[in-house]
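Heads up: the structure comes next, in C-alpha cells.
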Amino acid sequence: MVNFSNKLTKDQIPGWEEYYFNYKMLKGRVNEYTEQTKEGTQYRRRVLKDFSKLLDDEIEKIVLFMIEQQGLIAARLEDLGKRRARLQDIPLLQEITELREDYRSVGLDLVTLLKFVELNANAVRKILKKFDERLGYKFTDYYVRSRSNHPYSQLQQVFRHVGIGAVVGALSRNLSDLEERQGSYLNIYDQHPLAIPKDPIIDLITATADKLTNSTNFLRFLGQHALIAQADSTAGTEDEQHVGEDEYHLMSLVLNLANTFLYMVNTYIVVPTADGYATSLGAAATACGAVIGSMAVAQVFSSVYFSAWSNRSYFRPLLFSSVVLLLGNVMYAMAFDLGSLTILLLGRVLCGMGSARAVNRRYISDCVPPRIRMQASAAFVSASALGMACGPALAGLLQTNFSLYGLTINQITLPGWIMAFGWLVYLIWLWILFQEPDLGPDVKDFYEGSSSSTSTRYMEQEKMEQGFTEHLLPSEQDEEDDNGDEEHNETLSSSTTTLRPASSVASAYTLLTPSVKVQLLIYFMLKYAMEILLAESSVVTGYYFGWDIGTVSVFLAVLGLSVLPVNAIVGTYISNMFEDRQILVASEMALLAGVMLSFKLTVEYTAAQYVCSAVLTFVSAEVVEGVNLSLLSRVMSARLSRGTYNGGLLSTEAGTVARVVADGTITAAGLLAGEGRLLNATLLPALLVCVASIAATLSTYNSLFY
C-alpha cells in the first residue's frame with residue numbers, strides 16, 4: 001500500500017511543489033506532540049494553538065496560490081475574448097479552430113488546478129484525523145467549527161472551490177459560440193442547461209469539480225436514496241465497462257423495478273380501507289394499525305433472509321416473493337367472507353414475508369454496469385415513490401359491491417384481489433423473461449466470507465467508489481491510507497479482508513460511527529412520523545371530518561405524488577446552495593413544527609389545520625429522508641456498500657422497525673385512549689423522537705462536514 005506522503009509527492013504538479021500542503025512536516029510535528037504529551041512537557045492548550053496556526057498558514061498558502069491561478073486563467077480568458085471579438089465580423093475557419101483549442105487548453109489548466117485543490121484537501125483531512133488519533137483530542141471538531149463557519153473562512157475556499165463556476169460558465173459560453181450554429185441564434189443563457197451542447201473538456205471539469213465537492217443533481221440525489229454503491233465517472237477502464245455491459249440484461253432490471261413498484265402499491269393500497277375492514281370483522285377501527293403494521297413486522301425478518309439469499313441467486317428469491325405475495329393477498333381478500341381477523345392478519349404477514357427490496361437493491365448494485373447504475377438507482381427510488389402514490393389512489397377507484405362464486409367483491413376486499421392478480425401476471429412475466437446473472441464462484445466466496453477469494457471485481461468497485469466517498473472527516477479509506485503510512489508490505493489477502501463485507505449484525509454494528517448511528521436514528525424518526533400520519537389518516541379524518549374512502553385516497557395519493565417534485569427541487573437547486581447538514585437541520589425543524597401543528601389543542605379541530613400540518617410533516621420528512629440518505633451514502637463504511645448486512649439493509653431495517661413501532665402505537669393508543677384521543681396520544685411519541693433526533697444531529701453536526 002502506498003504511503004500517503006510519497007503519493008502526495010508523486011502526484012505534485014512540476015513547478016508547484018512549494019505551494020502544496022506540507023503533510024510530511026505536519027505529520028512530524030504530530031509525532032513530536034505525541035512524545036511531548038507522554039512526557040508531560042507540553043500542555044494541551046499550547047498544542048492546539050500551535051497546530052492551529054500551522055494549519056492556518058498551510059491552508060492560507062494553498063488558497064492564495066489558488067486565487068493567483070484563477071486570476072491567471074481569468075486573464076487568459078479575457079485575452080481570448082478579445083480575439084473572439086475580432087473574429088465576429090470576419091470569421092476565419094482556421095482562426096476559429098485555433099481559438100477553440102486555446103479555450104480547451106484553458107479548460108485543461110482549470111482541471112489541473114482542481115486536482116491541485118483536491119490533493120491538498122485530502123492532505124488536510126488526513127492530518128486532522130491523524131492528530132485526533134495520536135493525541136486523543138477532538139481537534140477536528142474544534143477546527144471545523146471555528147473555521148468553516150467563519151465569514152472569512154479559507155477552509156471553505158478549499159472545499160467549495162469558490163469562483164470556479166464563473167470560469168466554467170465563461171468557457172461553456174465561448175466554446176458554444178465558436179461551434180457551427182447551423183442557423184441557430186440562441187445564446188446558452190436562452191436555453192435550458194440540459195439542452196446546451198457540452199464540449200468534452202466541460203464534462204471533464206464538471207466531473208473533477210463534483211468529485212472535489214460532492215456537488216449533486218436530481219439524478220444523483222435520487223440515486224443516493226437507494227444506498228447503492230456508485231462508480232466514479234472519472235474512473236474505470238474501458239474493459240471494466242465492457243464486462244459490465246455484457247452482464248447487463250435490461251428486462252431483468254425492469255422486472256426488479258416492477259417488483260419494487262408492486263410491493264409499494266401492495267403496502268399502501270390497504271391504508272384507506274384498513275379501519276373499515278377491521279370494524280367489519282368486529283374489531284375497533286384503530287386495529288388498522290395492526291392490519292397495516294403486520295406486514296412491516298414480517299418485513300423486518302424477510303429483509304435479512306432475502307439479502308442473504310441474493311448472494312447466490314436473484315431469480316429464486318424473486319420467484320418466492322411473487323408466490324408468497326400472491327397467496328398473502330388471496331388470504332387478505334378471503335378473510336372478509338371467512339369473518340376472521342386472524343386470516344386477515346396472517347395474509348398481511350405473508351405479504352411482508354415477500355418483501356424483496358433487498359434483492360432489487362442488490363441486483364442494481366451488482367448486475368447493472370457503472371455507466372447507468374445511477375439512473376437505475378434513481379429509477380428504484382422513483383418506482384417506490386410512484387407505488388406509494390398509486391396504492392391509495394387505486395383504492396379510491398375500487399368503489400363496487402357484488403358477489404362472484406360466493407366471494408364478496410367490494411371496496412374492502414378488492415385491493416387484495418387486484419394485487420393477487422397483479423402478482424400472478426408478474427410471476428408469469430418473471431418466469432418467461434428474467435435472466436439469472438452469472439455471479440461466479442469468486443463473488444459467492446466474497447459474500448460468504450471465504451478466505452480463498454481475491455475478489456478482484458469488488459476491489460475494482462472499491463477504487464471507483466473512492467471518488468464519491470472522500471470527505472473531510474475519517475472514512476474507511478482514511479484508515480487504509482493511514483495504515484500505509486506505517487506499513488508498506490501489506491499482502492493482497494489483508495487488503496481483501498479490509499474490503500470484505502460485514503459477515504454478521506455484530507460486525508456491521510462495529511462499522512457504524514457515531515454519525516452513522518445518528519443518521520439511522522433520524523431515519524427511524526422520519527419513518528415513524530410518516531407512518532403515524534399515513535396509517536391513522538382514515539381513522540382521524542373519519543372521526544373529525546367525516547371523510548369517506550375516496551377523499552382519504554385522494555389525500556394520500558396527493559401526498560405520495562409530492563415525493564418526486566420535492567426531491568427534484570432539493571436535488572437540483574437547494575442542495576447546490578446549502579450544505580447537506582444545513583438542509584438536514586432545517587428540515588428536521590420543519591418536521592418538528594409540522595408535528596406540533598398537528599396536535600388538537602382547541603375544541604374545534606379543522607380540516608385546514610390537519611391538511612396543512614400533514615403536508616408540512618410529510619414534505620419535511622421527504623426532505624429529511626433524501627438529505628439524510630445522501631449523507632449516509634457518503635460517510636458509511638465502504639464495507640457496508642455490499643454483502644448481506646449492507647447499508648441499504650440497515651436503513652431498511654431502521655425504517656421498518658419504525659413503522660412497526662408506529663403501527664403498534666396506533667393500535668395501543670386506540671385501545672387505551674379511544675378514537676377521540678388517538679391523535680394526540682400518537683403524536684406525543686413522534687414529538688419526543690423528533691426532538692431527540694434534532695439533539696443528536698446537533699451533537700454530531702461538525703462530523704457531517706465534507
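Including glycine, each Cβ sits where the backbone N, Cα and C put it.
Listed in Swiss-Prot:
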type     : residues : note
DOMAIN   : 2-145    : domain 'SPX'
TRANSMEM : 251-271  : transmembrane segment
TRANSMEM : 281-301  : transmembrane segment
TRANSMEM : 318-338  : transmembrane segment
TRANSMEM : 340-359  : transmembrane segment
TRANSMEM : 378-398  : transmembrane segment
TRANSMEM : 414-434  : transmembrane segment
REGION   : 475-498  : region 'Disordered'
COMPBIAS : 476-488  : compositional bias 'Acidic residues'
TRANSMEM : 520-540  : transmembrane segment
TRANSMEM : 554-574  : transmembrane segment
TRANSMEM : 583-603  : transmembrane segment
TRANSMEM : 611-631  : transmembrane segment
TRANSMEM : 678-698  : transmembrane segment
Near the transmembrane segment (520-540), which residues from the same chain, at least 6 beyond its ends, have a CB less than 8 A from one of its CBs? 268, 271-276, 285-286, 288-289, 292-293, 512, 547, 549, 552, 555-556, 559, 584, 588, 591, 595, 598, 610, 614, 617-618, 621, 624-625, 628-629, 632, 650-651, 654-659, 661-663, 665-666, 670, 675, 678-679, 682-683, 685-686, 689-690, 692-693, 696-697
Here the stretch out of 281-301, 378-398, 414-434, 554-574, 583-603 with the most C-beta pairs under 8 Å to the transmembrane segment (340-359) is 281-301
Long-range Cβ contacts under 8 Å made by the transmembrane segment (378-398), restricted to residues 6 or more beyond its ends, are 218-220, 222-223, 225-226, 228, 256-258, 260-273, 360-361, 364, 411, 414-415, 418, 549-550, 552-557, 559-561, 563-564, 567
Averaged over the whole of the domain 'SPX' (2-145), what is the pLDDT? 81
Would the transmembrane segment (414-434) count as touching the transmembrane segment (251-271), if touching means at least three Cβ pairs under 8 Å and pairs must be 6 or more apart in sequence? yes
